[in-house]
Amino acid sequence: MSLTLLVASSNQHKLREFNHIFAQLPLTLLPFTEHPSTHSLIVEEKENTFSENAIQKARLIAEKGQIITLADDSGLEVDALDGKPGVRSARFAHEHASDAENRLTLWTALSAKCPSSLPSNFFPARFRCVLAIVDPASPHTPHIFEGACEGHVTLTPSGTHGFGYDPMFTPLGAEQTFAELSLTQKMKLSHRGAALQRLIPWLQSYVLSHS
């Protein structure tokens, strides 16, 4: 049996990472923008925590589409900026910012903290991911899976893969930024990879119980 899983995202980079991790599972991932009952929904991230945002998105789409739904809310937390950009990672520069604009805003904020910074300087940080699964049969009982990746942000971006802040973030113990790693390498280390691996046993059990 193949399970259709609605995804509360149209971000092609995230969808690619989901598909990479779920490749061996009997799943069909369907972005909410491609489902007739949910394609016109406006999905906003107005909450104060990753988990609240993920739950809100998953519940909205699951109830409207009547299909089990996966939502992701993720972000970068930089210690020197008291955890910012955090839940506003995708909107750090402004509400409809591009990845490049957000990286420039981060670079500017960190440069102000260390005006004489050299390329070798780095700022301790972490990527955090919260996944929420909501079954429309029980919309007020979300299932939460979390992952985090410690590392540091550099003021000298490097690499062409990935998205978001990937060119500025090097995971702990690695010598390359996320943007310099292959997708397989990145998913072994990343916050989203960790959260998705924790989700897999639950999904396998769900598929078996609904087959």
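Each Cβ is built from the backbone N, Cα and C atoms, and glycine gets one as well.
Nobody curates TrEMBL annotations by hand; they come from automatic prediction.
When the candidates Ser74, Ser111 are compared with the substrate site entry in TrEMBL, which names Ser9, Ser10, Asn11, Gln12, His13, Lys14, Phe163, Gly164, Tyr165, Asp166, Lys186, His191, Arg192, the shared residue is Ser74.
Just so you know, of the binding-site residues Glu44, Asp166, the Cβ with the fewest other Cβ atoms around it within 10 Å is the one at Glu44. Between the CA atoms of Glu44 (Mg(2+) binding site) and Ser9 (substrate binding site) there is a gap of 11 Å. Sequence-distant neighbours of Asn11 (substrate binding site) (same chain, 6+ residues apart, CB-CB distance under 8 A): Phe163.
According to DSSP, His13 (substrate binding site) sits within a helical segment.
Here the binding-site residues are His13, His191, and the one whose Cβ sees the fewest other Cβ atoms within 10 Å is His13.
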